[in-house]
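Feature annotations, courtesy of TrEMBL:
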type     : residues : note
DOMAIN   : 4-76     : domain 'YetF-like N-terminal transmembrane'
TRANSMEM : 6-24     : transmembrane segment
TRANSMEM : 57-74    : transmembrane segment
DOMAIN   : 80-206   : domain 'YetF C-terminal'
Amino acid sequence: MLTQLTIKLAVGFIALFLVTKFIGGRELKHLTIFDFISAIVLSELVGSMLYDEEINVLYMIYSLTFWTLLNYAIDKLTLKARKARKFFDGDIELVVKNNVIDKAILRKHRIDLHEFLSLLREKDVYSIREVGYAFLEPNGGLNVIKGDSVNKGRIAKDLLLPLPVIMDGQIIENALGLLGKDRTWLREEIGKFGFSQASELFYAEYIEGQGLFVQAQP
């Protein structure tokens, strides 16, 4: 019994290490919802198999291998398809615009007002009047652009904040809205670089006063 438990512990440690390396480690603060669930299930899977005498080492290796391949497949899918990434990992949400909190976004993410104000204080913001824009990240973090950097609902030129307008060939509509631009403008801008479709670009960002930066699909 002790021999089998020792072997399982060794296999479990090695397997967890290899799974983390294979899938790709992230800092805890960068974990998405899917990463968090995956980590919980993996730890429960290993823990339950370690002390169940009816589960042998081969079954343990098979289970961990299957779970690893499933996670790897989903990771690849989210890298290639924006809709899949949005489903599994979530998306950036504009939760404050021009000092106005979007209550629907807070309700969607089950964040009450006290918790939201606490997130603002972590960013050294103590009044909603200081907030021009606030973005809720997929991992639950908050990014804030203070109100003195915002001019008439658009990001001020002196802020020099890069906004991604294309990611993985997909146009980021929220970013265009913040810039006061549309798809026609974007099509004209990428045309200056010799591209006709957003799908030809891996990444593009815009900085007011500096223009567009683009990177083609590999």
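Backbone N, Cα and C define each Cβ position, glycine as well.
As a whole-number mean, the pLDDT of the domain 'YetF C-terminal' (80-206) in this prediction is 80. Note on the domain 'YetF C-terminal' (80-206): DSSP counts are 53 helix, 35 strand, 39 coil.
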